[in-house]
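Take a look at the structure below.
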């Protein structure tokens, strides 16, 4: 059994880090700081300026439990219950994929088009397929006040999380949700269809990092036998929901650029752009109809 955690902030941070080092956590200093700050309500500045600051017993107990969860492999943002994405704080739930920085590449890929369309037409209607936390749609809405978005997900729990995030960010008036298996219950036409679909081949799910495999919902990971099923569905069905001038943007696995491009071209789309993520991997493809 671990020794009791110190009550003073500075020693508490050091002990939290030591526990995570011992557990083999990848970034123990950062995760320890995030956990201590979140559950104690303190800041990094306070830790530097007042390391002897006393932390109350309830916070100590919460930190102790959180460190145990992190040492057991649970991702730190699952423990905190939120993650930052494109400068927005998004709540997480068991039904949602944890949004990651690579997906910000998709936001950047379509943002100029969304801005231009909103400036010209007075609005830009966005459809976010598999919305999860609402990350993609809400990032675009936060950047373009004239835009509106519909978040689609098969999971009612994910949609509840996305709607809650929209409300907390003051974007609820421009964000609606539809529970649907892809386009099944979608109506209307959109200037942008965006998706970060499941793209992991079924056979590879077991080889994912523990933090992904054990805590992200399988529904948001499994793209079928070859990982390409969602792209086939989107390419086959999207055209009837698109405005005459429009874009489709999809996140892809880093080895899938050619295969996904071929799927969309075979369905009548033209390639507009291919973007890499911060790690230099192929990550986002943008298409237009015709």
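The backbone N, Cα and C atoms fix where each Cβ goes, glycine too.
Record note: Swiss-Prot gives 130, 131, 132, 133, 134, 182, 196 as S-adenosyl-L-methionine-binding, and the candidate from 102, 153, 216, 222 in that site is 153. Within the same chain, the residues at least 6 positions away from residue 197 (substrate binding site) whose Cβ sits under 8 Å from its Cβ are 129, 130, 223, 230, 231, 234, 250, 251, listed in sequence order. Most Cβ neighbours within 10 Å among the binding-site residues 131, 133: this distinction goes to 131. Site extent for S-adenosyl-L-methionine: among the recorded binding residues 130, 131, 132, 133, 134, 153, 182, 196, the largest C-alpha separation is 16 Å. Around residue 132 (S-adenosyl-L-methionine binding site), the same-chain residues six or more apart in sequence whose CB sits under 8 Å from its CB are 96, 97, 99, 153, 158, 161, 162, 196, 220, listed in sequence order. Neighbours of residue 196 (S-adenosyl-L-methionine binding site), defined as other CB atoms within 10 A of its CB across all chains, total 26.
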